[in-house]
Amino acid sequence: MPVKTIHSWNTLLSAYSKQGKMAEANEIFNKMPNPDSVSWSTLIVGYNQMGRFKRAIKVFSEMIKERVTPSEYTMTSVLASCAATEALDIGRKVHSFVVKFGLSGYVSVTNSLLNMYAKSGDPMMMMVIFDRMGYRDTSSWNVMVSLHMQYGQVDLAREKFERMNERDIVTWNSMIAGYNQHGYDLDALATFGNMLRDSLLFPDQFTFVNTLSACANLEMLKVGKQIHARIVIMQFGINGPVGNALILMYAKSGGVHIAQKIVEHAGISNLDVIAFTSLLDGYIKLGDIEPARQIFDSLIDRDVVAWTAMIVGYLQNGLNSDALELFRLMVRDGPKPNNFTLAAMLSVSSSLTSLSHGKQIHAIAIRTGQASSVSVNNALITMYARTGSINYARQVFSRIHGFRDTVSWTSMIMALAQHGFGEEALELFEKLLAAGIKPDHITYVGVLSACTHVGLVEQGRSYYSMMKDFHKIEPTLSHYSLMVDLLGRAGLVQEAYDFIKRMPIEPDVITWGSLLSSCKVYKNVELGRVAAERFLHIDPENSGAYSALANLYAVCGKWEDAAKTRKLMKDGGVKKEQGISWVQIKNKVHVFGADDGLHEQKDEIYKKISEIWEDIKKMGFVPDTASVMHDLEEEVKEQMLRHHSEKLAIAFALMNTPENTTLRIMKNLRVCNDCHSAIKFISKLSGREIIVRDVTRFHHFKDGSCSCRDYW
C-alpha cells in the first residue's frame, strides 16, 4: 500500500491480536508511526484474551506514559487483567485514571470496576461504586449477587435478586450456586424450579451441576432423576462436569448402580476425584469395595485425593491389609502422601495394633514434612495409645502445645482413660476447660470412661451433669452405658439398674452387658438374670451373655443353674467366643488360644510357663481356682489356669525377645482375675514391663503392680 492510514495499521494489528499471534502484533505495533488509543487498546485486549494479564497491565502503563488517552474499551480490558491477577493496588490506580478521564459514566467500565474490587478483596469499595451508579444493567446486579454469595451474605444476595427487573442465566446460576455452596440446598432447588417456570431461559451446565449437587446433599434421588431426564431431553453431553455431577448425585442418593452405568457410558477418563470418592462411598455403604478398586485402577490421573479415598475405603470396610498394600504402592509409584493419607494410615496401624507400622508412618510424616499437621498428630496420639505406648502419645500431645484442637485434647483424654490414668485424664480435661475450648460429646465419653476405670463415682456424676446442664450436650447411648458401668463397678448395682429404667432411649447390649458384669462381680443373681434376659432379647446369638450368666450362677454356687444356662446355649446353637491372645515379634503376629497345641514352639512354651508358674507360686502367688467356673478338682482347675492364652503369649514373648524389653500382649476378651494376679508376679520375676490390652482397657504391669490398681 503506497499510503497507510492509522485505520490500515489498526486493522492489521487487530487481525493478529484476534488470532492470538501477539509476537507479530507487537512487531506491527512497533512499526506504527503514531499509534493511537485504538492501537494501544487492541494490544491490551489481545494480551488480556491470551491470559498474559501482567503484560496487558504493563502496556497500559506505557500508554499512560506516552500520554495517550484511554477509552472505555481500554479500561474494561485492563481492569479485567487486574481482576484476574487480584492486583488491588494497581486496580486502584487504574480506577483513578477512570475518574481522571471521565469514564465513570460508562456502565461497562463501572461493571469492570465492580468485578475488579470483588475479585481483589475490597467489597466495601465495590458497595460504594454500586450505590453511586446512576444506571445499573443486569451485569451490575449479577456482580453484587455473586459478591454477597461469596461472603455468605445469603439474605443480601436474595434482596438484590428480588430487586432486579431483568435476570439472565448468570443471575439464576449465581443464586443456585450460592444456595448450594452455603447449605441452602432446598432453596437452590426451589430457585431452579422458579427459573423454569418464570423465565424463558434454558439451563446450562453450571445450572445442572449445582442443582444436582443440591440433590446429592439432600439425597433426593427422585428429584435428581427428574433433572437427569431434562438433561437427556436437552441432549446435554455427560462427558464433563455434568456427568460427574450426575455420578455424584446417584452415588450419594442410593443409586450407585446407575452411577456405575454413567461411568461406563461416559468413560473412566472423564471421572473427577469428587465423583470418584462419592462413587467409592456409595460402594462402601453397600459393602462392595471391588468395583471401586476397578474404577480406581482405570483412572488416568490419580491424584493424592483419589489414592487417599481408596485407602479410606479399605479402612472403613476393615480391609486393613489391602489399605497397607495400596499405601506401599502409593509410596513407590504414586503422589506424595498428604496429611489426610497419613492420618488414615495411622488409623490402619491403630486397628492392627501394630506399633512398628505406626512408627514407620510417623517416620514418613517427618520425612515428607507432614509431622506438624494437627490431623496427623491427633492420629499419632490415638495410634500410640492403642498400641500400648502411652508415653509416646504424651510426647506427641506435648509437642503440639501451640495448635491443639478439640480432637487433640479428646484423643489424649481418651488415651489416658484407656490406660488407667484416670486422674491425669481429668486434670487434662480441666485444663481444656481453662483454655476456653468447648468439649464435644466424644470428649465426655473420655471423661466418663476415666471416672469409670478408676472408680470416681461422684466426679462422674458431676461431669455427667455438667455435660447436660452446662454444655447442653444430649447424652448418647455411649454416655448412658458408661454411667451404668461407673455405678455398677462401684457396687451400686441397684442404682445402675434404676438409671437404666430412667433412660429416655432403649438400652443396647453394651448397657445391659455392663450391668450383667457388675452383677457377677457383686453376686447379684436377681438383677443379673434380668440383665441377661434383656441382653439376649436384643442379641439372642451373643455367647457373652450366656457365659456371663452361667459364671454368675457358678460364683454363687448355683451349679445346676449354671449347667442349665450352658445347655440352653448349646441347644440354641450359640457358640462360645474363644479367648485368644496375640503378640507381634519381628513383624510376625503369633496367636494363642487356651491350651494351645498348634504353635511350632509349643513344647518350649509349655515348659517355660510351668517354670514361671512354680517360680511365682514361691513368690506368694496363689492361683484363683474359684475363677474356673466348672465343678472340677483343684489340680485340674490349676492346670487350666496355667494354660490361659495370655500366659502362653507372655511365656513365648519372654523366650523370643531381648531382656529388659517391654512386652505388648493383646487379648480379645477381658483379662481374668487369675491372669491379672499372675502377670503382676511375672513382671516382678522377669524385670519386664508387660502391657496387656484386653477388650476394655490397657493394663501396665511393672515391678509386681498394675496401673489399674486392681480396679478394672
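Keep in mind that glycine also has a Cβ here, set from the backbone N, Cα and C atoms.
Note: TrEMBL annotation is automatic and uncurated.
These come from TrEMBL:
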REPEAT    5-35  repeat 'PPR'
REPEAT    36-70  repeat 'PPR'
REPEAT    137-171  repeat 'PPR'
REPEAT    272-302  repeat 'PPR'
REPEAT    303-337  repeat 'PPR'
REPEAT    405-439  repeat 'PPR'
REPEAT    542-576  repeat 'PPR'
DOMAIN    620-712  domain 'DYW'
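Residues 216, 241, 243-245, 247-248, 250-252, 254, 256, 259-260, 263, 309-310, 313-314, 316-317, 319, 334-335 of the same chain sit 6 or more residues outside the repeat 'PPR' (272-302) yet have a Cβ under 8 Å from a Cβ within it. Here the repeat 'PPR' (303-337) has long-range neighbours at 273, 276-277, 280-281, 283-284, 287, 289, 292-293, 296, 344-345, 347-348, 351-352, 357, 364, 368, 370, meaning same-chain residues at least 6 beyond its ends whose C-beta is under 8 angstroms from one of its own. DSSP assignment over the repeat 'PPR' (303-337) gives 27 helix, 0 strand, 8 coil. Helix, strand and coil residue tallies for the repeat 'PPR' (36-70), in that order: 26 helix, 0 strand, 9 coil [DSSP]. Under DSSP, residues within the domain 'DYW' (620-712) fall into helix, strand and coil as 38 helix, 16 strand, 39 coil.
Mean per-residue pLDDT, taken over the repeat 'PPR' (303-337), amounts to 91. Residues of the repeat 'PPR' (542-576) grouped by DSSP class, helix first, strand second and coil last, total 26 helix, 0 strand, 9 coil.
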